[in-house]
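Annotation source Swiss-Prot lists disulfide bond at Cys238-Cys240, Cys271-Cys274, citing sequence analysis.
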Amino acid sequence: MKDKIVRATAKDGMVRIIAGITTNLVNEGCKIHECTPVASAALGRMLTAGTLIGTTLKSEKEVVTLKINGNGEINGITVTAHSDASVKGFIGNPYVDRPLNEKGKLDVGGAIGTDGILYVIKDLGLRDPYIGQVPIQTGEIAEDFAYYFTASEQTPSAVSLGVLVDRDLSIKAAGGFIVQMMPGADELLADVITYRLEEIPPITTLISEGKTIEEILEYIFDGMDLKVLDSLTPEYKCDCSRERVEKALISIGKETLQEIYDDKKNEEIVCNFCNTKYEFTNDEIGELLNNSR
């Protein structure tokens with residue numbers, strides 16, 4: 001099944017919904033970083049959150065960066081997303097291994113850690129980026145984003161993020177949704193939606209059964225005048241390039257660049273997001289040094 005993000009409303013616009021299937025996207029990201037099952041679940045949830053939140057941006061020049069930095073063994077996850085639903089991610093320790101939690105599930109909360117901060121950084125093309133931050137609540141990621149939307153953006157929200165890892169470490173199913181109540185929405189409506197969300201099977205179960213994202217939303221919002229507004233195709237996409245790496249090398253400063261050049265060795269730079277390797281000969285380092293003067 002192809003990955004897909006949809007934006008929708010229910011109850012005459014009183015409910016805003018962003019939902020998607022992200023199985024292939026998450027599989028690509030976890031394969032790049034060679035993740036263990038619990039690392040795949042954590043990175044996959046962050047990538048899914050990123051692509052969903054990215055679709056709320058107004059223009060292609062805007063960027064949202066999500067960071068969850070807890071005290072667990074994963075050592076933090078950073079995700080960057082754009083309005084076209086493209087996303088890339090970096091995980092501090094993709095090799096973390098933990099026993100299952102008390103529910104028999106992958107212990108994402110333990111791997112992330114509960115002592116830390118969730119950051120949402122939006123670069124909207126203004127002089128300074130918008131930075132929202134909240135304390136990590138559970139480390140399970142979905143609950144942390146729900147708390148962020150309610151506490152930092154004053155928008156009561158339900159967030160579900162799921163990743164099902166297969167025995168061969170590939171991603172069997174991944175997806176999620178963000179459901180937000182708009183100002184003026186009936187409290188009873190919020191209670192009904194909360195009840196339905198608690199009663200449905202995990203989103204990864206529904207995806208594994210072959211249900212489309214539209215069918216999943218129709219199941220949740222039956223009788224609530226669901227309207228799908230548009231759809232996007234999410235993808236794992238890194239925008240690194242040799243030119244950007246050259247600029248990054250120049251930005252480290254002349255003294256450091258001079259030290260690298262004086263070592264008379266070639267330099268290899270590896271992109272944290274896609275593991276692409278960029279090789280620079282000593283002569284090329286010298287050219288960059290001259291250009292920085």
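Placed from the backbone N, Cα and C atoms, the Cβ positions cover glycine too.
These numbers come from a predicted model, not from an experiment.
In the structure as shown, the Cβ atom of Cys240 (disulfide bond) sits within 10 Å of 18 other Cβ atoms. Non-local contacts of Cys274 (disulfide bond) by the CB criterion (under 8 A, 6+ apart in sequence, same chain) comprise Ile32, Lys88, Cys238, Cys240. A 10 Å cutoff on Cβ-Cβ distances gives Cys238 (disulfide bond) a total of 19 other Cβ atoms nearby, all chains included. Annotation note: Cys271 (disulfide bond) sits in a coil segment as assigned by DSSP.
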